[in-house]
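According to Swiss-Prot, the features are:
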{"type": "BINDING", "residues": "16, 17, 108", "note": "divalent metal cation binding site"}
{"type": "DOMAIN", "residues": "10-200", "note": "domain 'RNase H type-2'"}
């Protein structure tokens, strides 16, 4: 079972992002405040769950959470400020949108840009340790998946329905064959070192 809180006396929000390692699409983040007595044995790091489980848990989280919100940073913004800062900004935007103001933030990972007037604790692999971070990981992942599925309808050749923008062979081959889209992150190594050689011959 995951831990329900770090400090029982504080209103804590768990924060996580999705899409940091992708070649295309926005980065999404979520912030979730759960009730202190929240329990769910299935709730875990989104990467450990099936797609069906993630969407079922999203309904539970949205129904039972004290507050939840999603923040988004576009590919254009990612290219301007870099993906690390974009991940922090997405989390800040999610916290901005919470209807209940948290007193403490639990952040998945080992780095974070301080949010104004709210202390935080970074937790490596926090989505496998704290319920609120796991809940945030599920919301960020599922809402970003929905977004990439919509983009797939516009640009089906990149297989975003399956790879969600991550650097698969099929995705990189499509970039080499069809070029980029407005949704690709132009500051990323889109073809990969090995494939750059392959397609330049």
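Cβ atoms here come from the backbone N, Cα and C positions, even for glycine.
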Near residue 108 (divalent metal cation binding site), which residues of its chain come within a Cβ-Cβ distance under 8 Å, counting only those 6 or more away in sequence? 14, 15, 16, 17, 122, 123, 125, 126, 127, 133, 136, 137
Ranking the binding-site residues 16, 17 by other Cβ atoms within 10 Å, which is at the bottom? 17
With DSSP assignments reduced to helix, strand and coil, which class does residue 16 (divalent metal cation binding site) get? strand
I want the residues beyond 16, 17, 108 whose C-beta is within 8 angstroms of the mean position of the divalent metal cation site's C-beta atoms, in chain order. 15, 18, 29, 30, 87, 91, 107, 109, 126, 127, 133, 136, 137, 140
For the domain 'RNase H type-2' (10-200), would you mind checking the mean pLDDT of the predicted model? 95
